[in-house]
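TrEMBL has this to say about the protein:
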type     : residues : note
COMPBIAS : 362-373  : compositional bias 'Low complexity'
COMPBIAS : 381-390  : compositional bias 'Low complexity'
COMPBIAS : 419-440  : compositional bias 'Polar residues'
COMPBIAS : 545-555  : compositional bias 'Polar residues'
DOMAIN   : 13-269   : domain 'Protein kinase'
DOMAIN   : 465-559  : domain 'Fibronectin type-III'
REGION   : 359-392  : region 'Disordered'
REGION   : 417-446  : region 'Disordered'
REGION   : 545-574  : region 'Disordered'
């Protein structure tokens, strides 16, 4: 069904005007005829319905997105299917997309960018805690309200989009400029995927350009995997540049450990609190840069802090700085080889002189000459061995918080330290299961010290609902409405009730299958044919869904010609 003004979806959403059109479908402003509010309705293109499993995945994703309650995420009110079309009804957000702002202003101030990053990351953390990954963070999906608030959109769609074969429409690669290296390599998305995409957005806002370009989408994807981004302008402060570089690190393990850490770091930098930002994301102090980690290791040997940050200066603004790293890298190893060869020649010469002097007779000057050089090979080995036998091993606690406990253990054991694990209690959400909440000890530790990782166990599942639903009338006319009510439910300790799901059989239709936590009733429209239908409910604690309640049956029958017979006929049904 082709969308047009005046068309009504779901019997209640009347299309008013088209807001936008994109690869996934069209977004319209609509009026909810039942309660009179203005909403945004996104109608998906028909080709996205070709996958037999798509609709079921889309229903589940729409439901989960509706249960993420955060001020930085556009609310999802309803989902429906009608005449071969699937649609999402969402909050109508005043303002404009960040992409529109960038087209007009090109470059944003550092303070504005940090504000956008902090707000977006905080909203992403709420989604990640609910087990959702956006997968398509880009300026077009970030709406900025007139008072500067950020709203993330398309949460119910982005997670589904990459399930559709690329050959069907090619639209998944439409935002390849913001695609993480692991996505471009065909690996599953994770919360750090969203952090990478947000880092690309921040880079574009600060530099006025995207870091990776190419003549084709494949070329851009390869650049995401292999290329180093150009340096950010010098007008951007070093801590802010370092934060962006950390977000767009090729290795997910080098990025901020969670969206919450990123939000805290961005907020701290807005206040000018560099140390506070570094406590959340240590790379703010310069452990990352536009160059790869392997490139930065060599200049750090024997360099001062000021020297270490040189690779992060923009190549375009300082040509001299651009060539310094490029000249250093190709000649470093040849120089090392040359020094080693000269040392070998020197040692050989000294040994030969020592042998020759032994046959010539004891001469005091010769003895002194032969004795001095052996101190050179004696002193060299300790210098080479010093880096490989440190007195302590550095354990960065913040780097492991929020990580999967298996990944954290593997990373720490790679430092040569044994690990043990202990439970820190149950998680309140499935997305937190097996995540690290504490690392002890941390900081500089002695080699061989056992590092204890505290992690969260799986959350407690919600129990079956207490009580069954009740109805305002056990008999209803075809197409009529009954009110379904149910007792309020409670969640296990530490979990929050996030909503209810109402199910009705035989064509009966509630306005929305998902009901907010504060409501305990909803109208249900009966089918047009006589018969019966059942209603039941379940509830959600975060993303965890309870078993279904028992069902209540409603009879659908036409009203009799005379009112007296209908009342007596309904009594035996009771």
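For all residues, glycine too, the Cβ spot is worked out from N, Cα and C.
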Segment confidence, the domain 'Fibronectin type-III' (465-559), expressed as mean pLDDT: 90
Within-chain partners of the compositional bias 'Polar residues' (545-555) [C-beta distance under 8 Å, separation at least 6 from its ends]: 461-465, 467-471, 473-476, 482, 484, 486, 489, 501, 503, 505, 508, 524, 526, 531-539, 570, 573
Counts of helix, strand and coil residues, the compositional bias 'Polar residues' (545-555), according to DSSP: 0 helix, 5 strand, 6 coil
Structural state census, the domain 'Fibronectin type-III' (465-559) (DSSP three-state): 0 helix, 43 strand, 52 coil
